[in-house]
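Enquirer: My questions will all concern the structure given below.
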Amino acid sequence: MEEKSFAKELDQWIEQLNECRQLSESQVRSLCEKAKEILTKESNVQEVRCPVTVCGDVHGQFHDLMELFRIGGKSPDTNYLFMGDYVDRGYYSVETVTLLVALKVRYPERITILRGNHESRQITQVYGFYDECLRKYGNANVWKYFTDLFDYLPLTALVDGQIFCLHGGLSPSIDTLDHIRALDRLQEVPHEGPMCDLLWSDPDDRGGWGISPRGAGYTFGQDISETFNHANGLTLVSRAHQLVMEGYNWCHDRNVVTIFSAPNYCYRCGNQAAIMELDDTLKYSFLQFDPAPRRGEPHVTRRTPDYFL
């Protein structure tokens, strides 16, 4: 019976969050506890079945996430796979990440949420989520509940054994998916090493491995992605992590696709956003969308930190 009444309570929370109204601190705490129980059973390479709709960075742009669900279909009617970066930069990180975690707890088989490089204690203290939690709750407890939960998020997902999804990119320390399965992910994102690379690396026009201008992860060339896909029986690496003006961008002779789902990123970049629908035969189509009509911005005094595009 307890499960049933919790589901009912969750439905009320989801309804409230859909109106961009935050939960109480104690509600967030119990939501995060429940989410840990679910995520702890998921793999570093979480298996996902098609049909599924794959999404890139959202970055606290709550009204644009609503637009994404309007275009792609509501959860749980549509299965979703989000590739990280739910928080920072946008004005509504709290409501955005709370809603996605609530949907995960309510419909664990219908939505997959991966870890991005912003799902980290260190990064969120610089790029907005920490300050937003302080402003909206008056203390850092909610920030702590979420950043503790972030350690449990799966690092990657595999759609029908063929399409490999993750936030950033490949790693010189990783040749096979089994290498990823063997990592201990229950920790803050390290400054270097395989787990860091999966969340920070970027594809590049130059071959081989390169030093990343981001100061973490690597750049990797087409030779690397072709070899990785071939060795692991993959048809595609799907990733996010980089702003692309059309919302999606193919590279490496279609071995890699970048998907970015925050339109007019940082409320000023003028980009479209996109999501990738995979049907039950793994045929893909991209849906592009523009920002939701702007409501008045919240009154925030903030220094906008420099950021990598």
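Placed from the backbone N, Cα and C atoms, the Cβ positions cover glycine too.
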Enquirer: Kindly point out which candidate in Asp11, Asp85 is recorded by Swiss-Prot as part of the Mn(2+) 1 site with Asp57, His59.
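Expert: Swiss-Prot lists Asp57, His59 binding Mn(2+) 1, and from Asp11, Asp85 it also lists Asp85.
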Enquirer: Given that Swiss-Prot annotates Asp85, His167, His241 as Mn(2+) 2-binding, name the residue from Asn44, Asn117, Asn271 that shares the site.
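Expert: Between Asn44, Asn117, Asn271, Swiss-Prot records just one in the Mn(2+) 2 site with Asp85, His167, His241, namely Asn117.
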Enquirer: Given a separation of at least six residues and a C-beta threshold under 8 Å, show me what packs close to Asp57 (Mn(2+) 1 binding site) in the same chain.
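Expert: Expected: Met83, Gly84, Asp85, Gly116, Ala240, His241, Phe260, Ser261, Ala262, Tyr265.
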Enquirer: For His59 (Mn(2+) 1 binding site) and His167 (Mn(2+) 2 binding site), determine the Cα separation and express it in whole Å.
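Expert: His167 (Mn(2+) 2 binding site) has its Cα 13 Å from the Cα of His59 (Mn(2+) 1 binding site).
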Enquirer: Same chain, not part of Asp85, Asn117, His167, His241: whose C-beta falls within 8 angstroms of the C-beta centre of the Fe(3+) site? Give them in sequence order.
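Expert: Result: Asp57, Met83, Gly84, Gly116, His118, Gly168, Leu199, Trp200, Ala240.
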